[in-house]
């Protein structure tokens with residue numbers, strides 16, 4: 001008797017929460033390629049980075065099941081969701097993990113703040129080829145049609161070829177412009193220029209509310225993610241898990257190794 | 001008239017909270033070198049990574065001031081504390097930012113989960129030479145004497161020489177063993193082997209509680225942080241801000257650039 005061929009298991013998560021439009025678009029995108037397991041935060045977790053929940057218990061609740069698609073929600077962070085999926089739910093190793101589609105850009109140093117990318121990085125720790133997808137629109141009702149069309153071949157490439165085990169992909173798409181194609185780029189040097197709203201609460205105590213915008217530190221460079229996005233391209237930045245700065249390491253070793 | 005020479009401004013933060021023993025040890029360590037500004041979370045924020053608070057307002061309250069030492073606490077994350085310090089409080093750019101001393105190791109991939117390292121990374125975004133210090137003991141009453149003695153020359157080197165702007169340092173010390181010296185190392189490949197306690201709450205709902213231990217994926221390697229720590233050395237891993245995986249980038253560009 002021939003054994004039934006198992007379809008690839010595809011893990012889907014995000015940081016905008018399980019009910020966000022972006023994760024539905026992503027689940028729809030990958031559904032033709034395998035069995036889809038969605039495990040995502042109950043509520044929005046923007047800016048949660050690679051945070052994990054250590055001091056409170058986690059919930060995990062199945063909210064939908066149909067042939068080829070099962071959806072869970074949790075009170076945890078995006079990274080918690082990946083850990084719960086891999087430790088509690090899966091019967092086999094996911095062939096790929098996709099996170100997003102984030103409502104808002106995660107280009108440049110936003111890779112460090114993003115819960116979307118935190119989840120992708122976490123899955124990569126387990127040797128699962130992983131991609132974080134983001135759209136440059138914070139609109140909860142954003143239209144994901146064009147970005148999905150551009151993301152699909154990137155997903156297909158990773159599903160077919162895997163990724164280096166020290167790597168995950170940070171993929172961003174421009175919004176409401178004709179997409180010119182896909183560019184593989186390096187991370188733009190930048191930082192967030194913050195402004196804090198300073199106000200008084202009803203009892204007269206001062207509070208601060210964070211806002212700001214990304215400051216591109218190398219606007220002239222033409223090989224960065226910011227440049228690609230500004231010119232209508234989808235940007236793909238392959239990112240490392242091992243963050244050792246080998247240049248500085250050699251330098252410190254040669255100068256200070258006598259210590 | 002001669003102008004008074006300003007002492008260097010030293011920014012101190014952590015993720016265990018402003019009342020933790022580790023941050024007091026760190027503030028004491030750096031106080032002889034300049035004017036110390038401590039801005040740290042009110043409560044413990046372990047595992048908060050590079051998270052920021054975007055949906056709720058932040059508080060900032062001065063709780064101590066003496067000559068050369070001012071201490072603030074905030075309801076925010078470690079990264080929020082750095083942003084508040086740099087945007088609201090400082091009158092000049094800090095010469096260095098130190099974060100910790102963390103109660104517990106931040107070696108290997110823990111650099112990605114750690115709020116201590118998140119804060120150091122954030123300060124580095126602003127071009128401030130930054131170091132995250134951690135001690136391999138979760139004990140709230142841990143003795144920091146030996147680790148401080150080993151950390152001090154590393155701090156002095158960074159204060160005197162600065163750091164590459166794409167770099168911050170992840171420094172860990174072993175506990176209750178004779179410290180053999182300092183080793184400059186690469187990040188150990190590893191991941192956390194999780195176990196979730198699975199229990200029922202009083203209403204019969206299942207909940208999960210995260211625990212686990214770090215799995216060293218390369219126990220034979222002798223140039224890693226885990227190896228150094230296991231042999232009684234303080235480990236120093238210089239870490240990148242730009243996480244582009246340039247090897248994979250070249251590979252993807254050569255294979256897929258026609259797209």
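Backbone N, Cα and C define each Cβ position, glycine as well.
Positions annotated as domain 'Survival protein SurE-like phosphatase/nucleotidase' by TrEMBL: A:10-193.
When secondary structure is read from DSSP and collapsed to three states, residue A:15 (divalent metal cation binding site) falls in the coil class. Packing around residue A:15 (divalent metal cation binding site) is summarised by its Cβ count: 33 other Cβ atoms lie within 10 angstroms of its Cβ, all protein chains included. The divalent metal cation binding site feature in TrEMBL is assigned to A:15, A:16, A:46, A:102.
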Problem set entry | Other CB atoms, at most 10 A from the CB of residue A:16 (divalent metal cation binding site) | 25
Exercise. Looking at the binding-site residues A:15, A:16, A:46, A:102, which ones have a CB within reach of chain B, meaning under 8 Å Cβ to CB?
Worked result: A:46
Problem set entry | Segment-level pLDDT (mean, integer) for the domain 'Survival protein SurE-like phosphatase/nucleotidase' (A:10-193) | 96
Exercise. Taking the Cβ of residue A:46 (divalent metal cation binding site) as the centre, how many other Cβ atoms fall within a 10 Å radius?
Worked result: 20
